[in-house]
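Feature list (source: TrEMBL):
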DOMAIN    9-199  domain 'KARI N-terminal Rossmann'
DOMAIN    200-347  domain 'KARI C-terminal knotted'
BINDING   Asp208, Glu244, Glu248  Mg(2+) 2 binding site
BINDING   Asp208, Glu212  Mg(2+) 1 binding site
BINDING   Ser270  substrate binding site
Amino acid sequence: MAKLNFGGTEENVVTRDEFPLSKAQEVLKDEVVAVIGYGVQGPGQALNQKDNGINVIVGQRKGTKTWDKAVSDGFVPGETLFEIEEALQRGTVICYLLSDAAQIALWPTVKKHLTPGKALYFSHGFGITFNEQTGIVPPADVDVFLVAPKGSGTSLRRMFLQGRGLNSSYAIFQDATGKAFERVISLGIAVGSGYLFETNFKKEVYSDLTGERGTLMGCIQGIFAAQYEVLRSNGHTPSEAFNETVEELTQSLMPLVAENGMDWMYANCSTTAQRGALDWWKKFRDATKPVFEDLYKSVATGFESQRSIDSNSQPDYREKLDAELKELRESELWQAGKTVRSLRPENQVVEA
Ligand SMILES: NC(=O)C1=CN([C@@H]2O[C@H](COP(=O)(O)OP(=O)(O)OC[C@H]3O[C@@H](n4cnc5c(N)ncnc54)[C@H](O)[C@@H]3O)[C@@H](O)[C@H]2O)C=CC1
Ligand SMILES: CC(=O)[C@](C)(O)C(=O)O
Ligand SMILES: [Mg+2]
Ligand SMILES: [Mg+2]
């Protein structure tokens, strides 16, 4: 366990140096890791574990698209792919990777198979933290922990195949066996985490629900739309407005931030831009901070989790989400983006 200084605060971090894959394989050698749910995190985590030599099986409903996807990904019906209850019965570690809403409905079935000494693994603190809404209360004689990749399951798999890793948080809710730490860290390494930082179930879900509604997904779409609309209402063309709002950020500036921080990105822009950005960033912070404070309150009071449960438990939840995503996709902003993306040299179709 390394202690690293994060801007003046020391935190515990587990890296692959001190917990290599060989150690994870040794710890998990007698485990059967059952991945329940094959949506976004399920495939990424199951395939990375499979490639890392872990005895991983998938539990899915037969006759579904996700069952077929698991087969096309190489999981073999009756050997490494089973109906959900059989996977639950065979698994010694149950990776509960249904959607957070769907975990509620299946919980009574899962609980039946949580026999003493097994482990219940999550990738989000949602079900346990909001247990008054979800009803998810594990028996006392099983380990309960989480590994939460800080990114999409799609990226987790892509980065694994590139020999990279996506960092994850980990938390232990219940250590019935005395082995919860080595189990959770081994699983974190096995699913492809670059390094693991410590949290707890409540802090993970509060920060994650805030982040995805904030800078990572909700707020960023909001500021993209705001700037694009102001540019367009002042006569700028769609391509100019989109390039200045999104394309330059994703193609040039954000990779510089990822490489070496915000000051590095600023320093690689003009002094005109640096002066302006340094003058304006606090105005944007002050304008948006009240919204973030409201957002965090909405998370902490359980409003956001209940909203997610209510909408994502509806039979037509997927259709409703897809309809709103279609509206976003068909907006002028993202239609302009589609054309801009097609112009990238790497997307040009070279005539034979
Ligand atoms: N999507 C991501 O990349 C990330 C997800 N997580 C967490 O990992 C867990 C799994 O998330 P995802 O893979 O995004 O799940 P998902 O939303 O893709 O759902 C996974 C599977 O659950 C089943 N399912 C979903 N809703 C259902 C319903 N209402 N009834 C019956 N079955 C249903 C479907 O088969 C679906 O393929 C969640 O706890 C999530 O918060 C954590 C980090 C990132
Ligand atoms: C990808 C991720 O970390 C999110 C945004 O929290 C999620 O998909 O829930
Ligand atoms: Mg997240
Ligand atoms: Mg999330």
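Cβ from N, Cα, C; glycine included.
Across the residues of the domain 'KARI C-terminal knotted' (200-347), the predicted structure has a mean pLDDT of 98. The distance from the Cα of Glu212 (Mg(2+) 1 binding site) to the Cα of Glu248 (Mg(2+) 2 binding site) comes to 22 Å. A helical conformation is recorded for Glu244 (Mg(2+) 2 binding site) in the three-state DSSP classification. Cα of Glu244 (Mg(2+) 2 binding site) to Cα of Ser270 (substrate binding site): a distance of 15 Å. Recorded residues Ser270 (substrate binding site) and Glu248 (Mg(2+) 2 binding site) have their alpha carbons 14 Å apart, per Cα-Cα distance.
The secondary structure of Glu212 (Mg(2+) 1 binding site), as reduced to three states from DSSP, is helical. The number of other CB atoms found within 10 A of the CB of Glu248 (Mg(2+) 2 binding site), across every protein chain shown, is 12. Ser270 (substrate binding site) carries neither a helix nor a strand DSSP state and counts as coil. The most densely surrounded of the binding-site residues Asp208, Glu212, Glu244 is Asp208 (count of other Cβ atoms within 10 A of its Cβ). For ligand 3, the nearby binding-site residues are Asp208; that is, of Asp208, Glu244, Glu248, Ser270, these have a C-beta under 6 Å from one of its atoms. Checking the binding-site residues Asp208, Glu212, Glu244, Glu248 against ligand 2, the ones with a C-beta less than 6 Å from an atom of that molecule are Asp208, Glu212. The residue listed as 'substrate binding site' has a Cβ environment of 9 other Cβ atoms inside 10 Å.
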